[in-house]
Amino acid sequence: MERYKNNLLQFLKKIDIKPDDISLYIQATTHKSFSNQNLSDINYEKLEFLGDSTLGFVVSSYIFKNNPKIDQGTMTRYRASIVETKMLSNISQKLGLVDLLRTGPGNMHVDVIASPKVQADILEALIGAIYLDQGIDQAMFFIKKYILAEVKDKNIVNITDLKDPKTKLQELFQSMTKENITYKTEEVMNKLFQAKAVHEKKVFGVGTGKSKKEAESNAAQDALDKFKE
């Protein structure tokens, strides 16, 4: 246990954290398989819940302040692309956080630490621990330095790609003609809709979906795919 604490303290020092309550960081790096093995109820799940909310708030605020011209739907997709499991898993591995994770023994340990979801979850749990131990400002500093900076420096997220298919198709046609794209949508069977993306009476794409919105989005994507061919 002493060796584990020393390793944890070294890690926290590396990320500029001087803990007031080390038990929070121990909890953040403890998987439930370890707790079950040691008859304890301490694991990272509650901290992961808190960290997930904290991360979502900070990322949403960042997107809102730095991208004033994008719409709400694009903001939502932008945030999702930053907090997705793959992104957080990669950052967790880069930080070496997974090396601190306490799990059950043997093959269980190997399986748990190899899980991208677990790797992402412990990063969010760490954020939750920082928030409780150091406050929101330090949690925001950590998120900006190790998550948002990663996105910004590597230009991982292309906002153009985050636009919904209907918006992208509309912008494409606006660049070529004054006539807007329109959609003809009908219910073809119970709760299944078909939409056609139409421009000057010509059908450019067809899509189906469980709602009119989904069908039109799929029709727009079909049209975009055909333009790429």
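Glycine residues also receive a Cβ, built from the backbone N, Cα and C atoms like all the rest.
Caution: TrEMBL annotation is automatic and unverified by curators.
The annotation Mg(2+) binding site is assigned in TrEMBL to GLU48, ASP121, GLU124. Following the DSSP three-state reduction, the secondary structure of ASP121 (Mg(2+) binding site) is helix.
The Cβ of ASP52 (active site) lies under 8 Å from the Cβ of VAL83, GLU124, GLY128, each on the same chain and at least six residues away in sequence. TrEMBL lists ASP52 (among others) with the feature active site.
Residues or ranges marked as active site by TrEMBL: GLU124 (among others).
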Which same-chain residues, if any, lie at least 6 apart from ASP121 (Mg(2+) binding site) yet have Cβ under 8 Å of it: TYR44, GLU45, GLU48
Where ASP52 (active site) falls in three-state DSSP terms: helix
Cβ-based neighbourhood (8 Å from the centroid) of the Mg(2+) site, residues GLU48, ASP121, GLU124 excluded: TYR44, GLU45, LEU47, PHE49, GLY51, ASP52, ALA120, ILE122, LEU123, ALA125, GLY128
